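These come from TrEMBL:
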- Phe40, Ile41, Ile42, Val43, His44, Arg111, Thr310: substrate binding site (BINDING)
- His296: heme binding site (BINDING)
Amino acid sequence: MPKNKDAVYYSDYLKLDTLLAAQQPHSPKYGAEAHDEMLFIIVHQVYELWFKQVLHELRAIHADFSKPQLDDKALYLVAHRLRRVLTIQDLMNDQVAVIETMTPQEFLEFRDYLVPASGFQSIQFKELEIRLGLTRKTRIAFDQQSFYNRLNDHDRSYLEELEQQPTLFDCVDAWLARMPFLEFKDFKFWDMYQKAVNEALDHDEAIIRENAVDDDQLATELKGIQANRDNFAALFDNDRYKVLQENDAVRLSQRAMLSALFITQYREEPAFNLAWQVITSLAEVDEKLTIWRYKHAMMVQRMLGTKIGTGGSSGHDYLRRTTEQNRVFKDFFAMSTYLLPKSALPILPERVREALGFSSLSALEKGHGAT
Ligand code: HEM
């Protein structure tokens with residue numbers, strides 16, 4: 001690395017003059033300064049900085065996934081960067097406690113000066129959602145409106161253009177779908193797997209029948225088991241799978257779903273470990289974002305009660321509903337329904353393990369040394 005030419009001064013490098021001059025409360029324009037407005041501004045700005053870093057990581061991950069091939073080195077970097085995103089998300093979730101030190105009354109001292117600005121207009125947050133894969137079809141609208149109505153033309157066209165690009169979800173789907181290990185010629189893995197899952201569901205059904213308190217509870221729980229059986233059967237039937245997709249019961253393509261299931265079942269195998277880490281981390285990104293939505297919604301309820309938001313939504317009620325609806329990688333969570341304990345998994349024959357790239361392990365086991 002070449003040596004730097006000019007001496008660097010801490011505050012110049014970090015542009016602290018600009019950064020620290022950017023906290024400008026509005027309350028003094030109307031009377032005495034509301035003490036807590038400074039906290040409100042700084043907390044939002046800190047979030048926007050973390051959004052910026054998260055987007056920096058996600059754009060790089062997205063670019064890697066957009067390539068036709070993703071080798072192990074690139075996949076390692078993706079997993080590494082996703083772990084960084086998750087660590088930042090933990091921080092963002094904990095940070096809700098800081099804004100909660102402001103009481104609702106303290107907030108009322110300056111709230112009216114903010115109208116009609118709103119978190120809806122956080123373009124970085126909306127980019128984060130869109131880049132991950134939240135679409136107009138999947139996201140919840142507030143009072144039949146779109147947050148797009150609240151944006152200026154520049155921001156609206158930036159996000160609308162982004163919506164036209166394949167999302168990270170689309171790229172991950174394509175990556176999983178092109179994995180080559182779903183057909184094994186004469187080894188009927190998926191037949192064995194279906195049999196094992198059906199046995200596990202039979203076992204669950206027997207437990208439900210033994211423990212049901214009354215007929216209503218029994219009927220509800222049996223309905224749940226039947227839905228699981230139907231969804232599982234549909235994984236292996238093109239037409240039924242399409243119906244699940246049309247009904248928004250699943251979003252991943254059928255091939256991607258089976259790959260994800262296979263990887264998750266055999267995650268300890270070296271060839272699948274990185275892919276499994278990536279799948280799990282994406283599910284965690286979704287989970288931690290949902291936790292943020294929930295914490296933000298609870299904080300908003302404390303601050304506003306049932307008042308509407310400055311952006312015109314129903315406030316807490318809208319935000320609470322986003323925690324259920326605005327999810328991207330739901331399929332990775334639903335997949336757990338069909339996971340089997342290691343002991344119940346079909347054992348992969350040696351030739352299949354070798355074909356899947358577990359041969360270094362096989363060689364070690366045979367005493368031939370690692371490759
Ligand atoms: C006193 C504190 C806060 C209150 C009362 C509040 C209130 C609200 C309300 C009511 C909404 C729904 C949209 C609307 O009608 O305006 C909203 C959305 C939002 N807020 Fe906050 N908020 C607060 C703090 C924060 C902080 C610290 C952040 C951090 C960046 C934030 C980010 C957002 C985002 C990104 C949305 C859009 C969420 C979505 O559409 O799913 N808010 N907020």
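Cβ from N, Cα, C; glycine included.
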Cβ neighbours of Ile42 (substrate binding site) where a neighbour is any other Cβ within 10 Å: 14
Those residues of the chain, 6+ apart, with a Cβ under 8 Å from that of Arg111 (substrate binding site): Thr310
Cβ neighbours of Val43 (substrate binding site) where a neighbour is any other Cβ within 10 Å: 17
Of Ile42, Val43, His44, Arg111, Thr310, binding-site residues neighbouring ligand 1, Cβ under 6 A: Val43, His44, Thr310
Cβ neighbours of Phe40 (substrate binding site) where a neighbour is any other Cβ within 10 Å: 19
Spatial neighbours, same chain, of His296 (heme binding site) - Cβ under 8 Å, 6+ residues apart: Val96, Leu319
Max pairwise CA distance, angstrom, over record-listed substrate binders Phe40, Ile41, Ile42, Val43, His44, Arg111, Thr310: 19
Phe40 (substrate binding site) in three-state DSSP notation: helix
